[in-house]
Amino acid sequence: MAKGLLVTYALWAVGGPAGLHHLYLGRDTHALLWMLTLGGGGLGWLWEFWKLPSFVAQANRPQRQRQSSVGRTPPLSFIRFVAQVIVGIYFGLVALISLSFMANFYIVGLPLAVGLGVLLVAAVGNQTSDFKNTLGAAFLISPIFYGRPVAILPISLAASITAQKHRRYKTSVGSETLSVRLYRLGLAYLAFTGPLAYSTFCNTAATLSYVAETLGSFLSWFSFFPLLGRITESVFLLPYRIWRLLVGDPGFSNNSFREWEKLYEFVNSFQDEKRQLAYQVLSVSEGATNEEIHRRYRELVKIWHPDHNRHQTEEAQRHFLEIQAAYEALSQPRKPKGSWRSSQQH
């Protein structure tokens, strides 16, 4: 049955962030991506307004024309590459919040989550990529940054580059019933949201701590690039600004950002507490120099490295991860309190 453009626009307007129009057009991967990211944070949903006619034309293309593209390499897309990196980071952050308690998380769970996020974007539309090579790149990079949340970024970059290198057009498959497609989408959605929901409802305090710590770690990546950090914070604020416009308050004074400032201060409070715990883990004073911290870190790593404690592997691994996290926390430059507020005022 031919797909209608008006119906597509209607579904886009009513349930666009949930991917209803993509489900109607048979773009199940794109629908799942929108379900998990709420339409790409709203930005992807708005940007699609001009792309819907091409999506409808692609859905109505005869099977014979679709088969003619198989075997050729799709053109390189910078937008798809950036989306792969961003969604890979997003999947990694969600996994860090909900699954970091697992043993060998940084070796198995984190690269798997990031790689699946990259592959999800790679499979949008009529394209896909090589599953084994993309996940292989993610698993190869992860041991280099073992125990560090910053590993999300290089893993996502490596997986995205590999996915772009092995991009190809999808082979045509037989049509499936709507119930089968919905069943598959439901399982994928539950696999993503289930662990996060469990952590939120069954261990709320720890989840809030993980969220604050993860957000703080993410923002700290940009400590050495102030301009990029301000751009990132502006991106975080964009949904709030759009909401203020929709409710009829176009003024963006400092009073408009009270809720964000509360969140920012909440993150800072956890970051301060994290540094206090880090000093305790490394058994150094708060006034310790970088050289003293580094020397103590090297000593503790030698003592608690899992390879040197095969008789107590689990305990050694736990201490080893704590030491790694503590050293990373103390290695990051401290951002002065109120710096975000002052940057907004200027």
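Every residue, even glycine, has its Cβ placed from backbone N, Cα and C.
Feature annotation from TrEMBL assigns transmembrane segment to 6-25 (among others).
TrEMBL lists 32-50 (among others) with the feature transmembrane segment.
Residues or ranges marked as transmembrane segment in TrEMBL: 78-98 (among others).
Annotation source TrEMBL lists transmembrane segment at 105-125 (among others).
Residues annotated as transmembrane segment in TrEMBL: 137-161 (among others). Sequence-remote contacts of a segment are chain residues at least 6 beyond its ends whose Cβ falls under 8 Å from one of its Cβ atoms, and for the transmembrane segment (137-161) they are 81, 84-85, 88-89, 92-93, 96, 106-107, 110-112, 114-115, 117-119, 214, 217-218, 221, 320-321, 324-325, 328.
Sequence-remote contacts of a segment are chain residues at least 6 beyond its ends whose Cβ falls under 8 Å from one of its Cβ atoms, and for the transmembrane segment (182-198) they are 23, 28, 31-32, 35-36, 91, 94, 97-99. Taken from TrEMBL, the feature transmembrane segment covers 182-198 (among others).
Under the heading transmembrane segment, TrEMBL lists 218-238 (among others).
Here TrEMBL flags 277-346 as domain 'J'. As a whole-number mean, the pLDDT of the domain 'J' (277-346) in this prediction is 76.
Taking Cβ pairs closer than 8 Å, the transmembrane segment (78-98) reaches residues 33, 37, 40, 44, 105, 109-110, 113-118, 120-122, 124, 127, 149, 151-153, 155-157, 159-161, 163-164, 192, 195-196, 198-199, 207, 210-211, 214, 218 in its own chain, all 6 or more past its ends.
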